[in-house]
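These notes are about the structure you will find just below.
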């Protein structure tokens, strides 16, 4: 072992102690106005020490460990397999979508009310992630303020129902179109910017929207939010025990069944499911249309794409607007599901979660994004202890994905045509 | 002096105080951007960790019964700088070096992940509630008549000014005189060429992160004392503001970061003084968007030429 390695390993272990001990080992306890310092439990100190030892050993034997890792893929049985043929892959994808939609259809009738509610949330995240996937995954525009469009959708429905008594079905297209309009108007000036500047500008825009919602108290109710958002109706049938609006009838009376609070939850879930499938199909179509190809071309090489005559603004703007449109969709469903919205639901962290879903799933890949949305939403619910560490793990996962597998867990494959040799 | 003038002067003083602290954080963004062309999104978190470490050191000394103010401040400053620098070094090593040179968005997403990770690291270790910073330096110099309006420069504000001034002077000397400083300038001009000429660019990049983090730690101590309380989220907004300052002054340029910080601080305090404190963030983000749209090179930046 070279002395250089030893020195480096010792240094790394030392740094590990410096960055972890003061923050983890010494806890600030605030009691009223006075602050006291309290040493952490022995377990924490031991853990810090163990972490330092682990870093030391890893750095010392780094070359050996990396060598072993280099050989690992050979053990993977899938590594040697050639690429799946085009037809087979499309078939597999189709089977996957049909299976997951079938499962989603029977889901509300076999599980509890809470699980259906959670599934609705998963569907909302799927819509958001599919929308952001267009912007980030396909067009390669990093949008850190995506949640602003989600907020526009949600607030449009909440405000329209509060001031004009507009129903869910009318608000759905209005909310989505308004969000798309916001995307268009914002996109117009900012899409000239280079990738990382664009990210910061969209982040600033998202924050501005949130601050406005928070402070424009007369219109949005400020931090108190807006409550009493109506539930969706089925052809004028309401799902409450009593009919709220005159002229409407209630669902359970029309069909002569006993009232159950579950009807509403299941109905909302089915709406979300239909909208999610709609989102999936529309974006799938877009991906195969010329505009979808143009998104990818521009992402891969902007200069080459422009020299082939593509309009940079038009192509980017279309991706941005379509992404915003589906965020508005998801926002309306979200407002209707919660019945109450406040700026708290539209913080930067929410944008980061949606971005994490897209990054984990594999930018551009719809199957990957759907699976990642399910995993990211359900895991914290399954393990309560996990939910505390949720964001910590998301952050770490984003870094690790970028370092090891920037294409995501299930990377996107482009549809291609293979020329067969003529015999 | 009339009441209105005094009020204006008061806002100006407040703005310059905040602005000089922003400038300290902005240096970290601008140096990193100047050398490797990436936005170090986790820089705000490094600043927050500096503030936490400083508070831990201050509380620790108070527990030990040490009450001599200069000693407390110096120990807190040194502790914060050491921990933040180590953090800056580690972040670069873990999250940025492996992705260097890849597509622009990949280091940025990695940096966002790092920022979320560090925020929650402190959140889990120290709790999410905001913790009060003890008032170590109080009092100030008043001027104006007591009957109408009194402008005040507090000793705390003077401390912030002086510390910033000392740090900036040291940094300028370091960049212009020292060996590492010269290497920094060479690397920021042309990384590949500097490498060919025998400069260990990896070391210089690490040094950049360490310097930026140390200055952010100074800002963390100063602003923590100035605001009087800290929480794990307070690095995020400050980081964004400092980035705005860096862009305003021309990203990549160190004097630009200083100028940008001061302008941003003053425009923010003018907004809260004359309009409403709630909209001061809107003004700075709006300013950021406008500069990026109309003058992406900032006030003192050099135009970036895209090579094919």
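Quick reminder: no glycine exception, Cβ is built from N, Cα and C everywhere.
Curation does not apply to TrEMBL; its annotations are automatic.
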Looking at B:46-66, B:130-150, which one is transmembrane segment according to TrEMBL? B:46-66
Cβ contacts under 8 Å made by the transmembrane segment (B:72-91) with residues that lie 6+ beyond its boundaries: 28, 42, 46-47, 49-51, 53-58, 61-62, 66, 114, 118, 136, 206, 209-210, 212-214, 216-218, 220-221
CB contact flag for the transmembrane segment (B:204-227) and the transmembrane segment (B:46-66), at least three pairs under 8 A: yes
Counting Cβ pairs under 8 Å to the transmembrane segment (B:155-175), which of B:20-39, B:46-66, B:103-122 comes out on top? B:20-39
Other than its close neighbours in sequence, what residues sit by the transmembrane segment (B:103-122), given a CB gap under 8 Å and a spacing of at least six beyond its ends? 37-42, 44-46, 48-49, 52, 87, 91, 94-96, 232-233, 235-236, 239
